[in-house]
Amino acid sequence: MSSYANHQALAGLTLGKSTDYRDTYDASLLQGVPRSLNRDPLGLKADNLPFHGADIWTLYELSWLNAKGLPQVAVGHVELDYTSVNLIESKSFKLYLNSFNQTSFNNWDEVLKTLERDLSTCAQGKVSVALYRLDELEGQPIGHFNGTCIDDQDITIDNYEFTTDYLENATCGEKVVEETLVSHLLKSNCLITHQPDWGSIQIQYRGRQIDREKLLRYLVSFRHHNEFHEQCVERIFNDLLRFCQPEKLSVYARYTRRGGLDINPWRSNSDFVPSTTRLVRQ
């Protein structure tokens, strides 16, 4: 269990509780979770973070009424900056989006500006939103993470409790390499409900070569770990930076959809540009 799982800041969340669904606009449904909850135990301070990045959300179940009462549908793309005070709790985000369902807006731009305003207020940080008509995305190919997949290893694993022990002495030789490694075996659990979260992860770095078996064992050790998506990515970035000491590092995870939302956090200390094309499980 994470050291802050019972923190008072989490007590008021609707997550894990029975809730009523509202279909008229209500910004108060949004709930934030302080990023400091997981950053403080990692020694990460808001004024001296070792990374930049964003939490990228895809909104698949977004609908409202136009001025004449005709339902509208869109796919939304949201980017929440890493410097925001809070991350957005996903169940509250879903409930908030449902409140648009029977609400009339004059035009698409009003919807976009409403989303940006409410999300930035909840997160206490910078948020950008884009809305896409379905015909803009139809025929979009399924993407893939560029890099070498490390999953097909003939190894025995019998421990699924989170530990950084696998990263001890996990670099080999003195030669500096630059490579991108990918795993589709990332599985963690919701901090509150302990429901499984499934993801693919891309790790791009420059530095002494990281032992792929040790890295895979470390990633698999998240299997019983309870944290939100964004927190897991920051933990992985921090652990790799601490133990492997690469010159450059980027960590990007794309998680499968739940409640019409997928969350795709990335953190980097280089000029990394994340691909936003959905993966095969998304």
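Yeah, the Cβs are placed from backbone N, Cα and C, and that goes for glycine too.
The active site, thioimide intermediate annotation in Swiss-Prot covers C190. Annotated active site, proton donor per Swiss-Prot: D197, in sequence order. What Swiss-Prot lists as substrate binding site is I88, E89, S90, H229, E230, and the listing cites sequence analysis. Here Swiss-Prot flags S90, K91, R258, G259 as NADPH binding site, drawing on sequence analysis.
Comparing H229 (substrate binding site) with G259 (NADPH binding site), their Cα atoms are 15 Å apart once rounded. Summary: among the binding-site residues (H229, R258), the fewest other C-beta atoms within 10 A of the C-beta are counted at R258. The two recorded residues, E230 (substrate binding site) and C190 (active site, thioimide intermediate), have Cα atoms 11 Å apart. Largest Cα-Cα distance over the residues recorded as binding NADPH, namely S90, K91, R258, G259, equals 9 Å. The two recorded residues, D197 (active site, proton donor) and I88 (substrate binding site), show a Cα separation of 16 Å. Apart from the site residues S90, K91, R258, G259, the chain places the Cβ of F93, K94, G260, L261 no farther than 8 Å from the centroid of the site's Cβ atoms, the recorded NADPH location. Taking every protein chain shown into account, E89, D197 are the recorded positions, and of these the Cβ with the most other Cβ atoms within 10 Å belongs to D197. K91 (NADPH binding site) sits 11 Å from the residue listed as 'active site, thioimide intermediate', taking the Cα positions as reference. DSSP assigns H229 (substrate binding site) to a helical segment in the three-state reduction.
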